[in-house]
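These notes concern the structure reproduced below.
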Amino acid sequence: MTALTNIEIVIRIVLSLVAGSLIGMERGGKSQPAGIRTHSVVCVAACLIMMTNEFVSYKFGTGDPTRLGAQVVSGVGFLGAGTILIKENKKITGLTTAAGIWGAAGIGLAIGVGFYQGAILTAISIWGIISMFQPLKIYLQKRSKIIELYIVVNSTEAYNRVLVYCAEKHIRVTDSRTAFGEVNQSRIQYFDVPEKKIASFITLELPGKFEHLRLMEELSDIVGVIYLEETS
């Protein structure tokens with residue numbers, strides 16, 4: 001094992017910064033908890049840890065050159081956990097961001113040990129997955145038979161009309177969480193909502209090729225429906 005030169009150190013640090021920024025730009029652009037700064041710091045720090053491990057092994061001529069790197073893989077989990085959120089409708093978000101942070105750490109380790117080819121290809125691949133696969137995800141969601149809605153109505157009669165509509169269209173209600181007199185103010189802050197209202201997170205299974213847009217339009221036309229939003 002030979003000592004790292006100053007040029008090698010600079011190349012690895014800069015390359016890890018670029019790789020981390022590449023992943024972080026996409027996440028930050030979507031207002032995720034961890035953006036370009038977090039991903040860049042994780043990637044550069046992982047690179048430094050791997051180079052430090054290599055330096056220690058060279059200087060003292062003993063030790064496992066992968067020991068510190070192994071701790072990064074498991075230790076970065078606390079950052080990922082901080083980006084995962086469970087929303088009020090029990091929907092989990094932030095998993096892609098958490099995976100991106102973990103991937104940034106792995107890329108940093110690879111660059112730190114000098115495995116440039118694998119690091120560069122992985123950085124490009126992760127960037128492609130989290131940015132270019134988004135339209136495909138939306139396409140599949142819009143054609144899914146399962147749809148989750150947040151609906152606010154002004155009376156129990158209006159809510160019953162929604163259920164009757166679903167029965168007539170052979171739409172199956174698979175889950176419903178209803179609150180009487182309580183609504184999510186952040187969702188309907190620009191709407192004039194009467195005091196008596198019913199808010200519900202409802203999951204529906206659509207028949208055949210029943211389109212999401214058609215469902216939203218027909219539900220909106222039901223008398224008493226104040227607010228409607230697709231949450232899935």
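Including glycine, each Cβ sits where the backbone N, Cα and C put it.
According to TrEMBL, the feature transmembrane segment maps to 6-24 (among others).
According to TrEMBL, the domain 'MgtC/SapB/SrpB/YhiD N-terminal' annotation covers 13-137. Across the domain 'MgtC/SapB/SrpB/YhiD N-terminal' (13-137), the model assigns an average pLDDT of 80.
Residues annotated as transmembrane segment in TrEMBL: 36-56 (among others).
According to TrEMBL, the feature transmembrane segment maps to 68-86 (among others).
The transmembrane segment feature in TrEMBL is assigned to 93-113 (among others).
Feature annotation from TrEMBL assigns transmembrane segment to 119-140 (among others).
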Remote residues contacting the transmembrane segment (119-140) - C-beta distance under 8 A, at least 6 residues beyond either end: 15-16, 19, 22-23, 26-27, 96, 100, 103, 106-107, 110-111
Within-chain partners of the transmembrane segment (93-113) [C-beta distance under 8 Å, separation at least 6 from its ends]: 12, 15-16, 19-20, 23-24, 27, 32-34, 38-40, 42-51, 54, 65, 69, 72-73, 76-77, 79-81, 83-85, 87, 119, 122-123, 126, 130
Remote residues contacting the transmembrane segment (36-56) - C-beta distance under 8 A, at least 6 residues beyond either end: 1, 3-4, 9, 12-13, 15-17, 19-21, 23-25, 27-28, 63, 65-69, 71-72, 76, 79, 100-101, 104-109, 111-113
Helix, strand and coil totals (DSSP H, G, I; E, B; other) for the domain 'MgtC/SapB/SrpB/YhiD N-terminal' (13-137): 97 helix, 4 strand, 24 coil
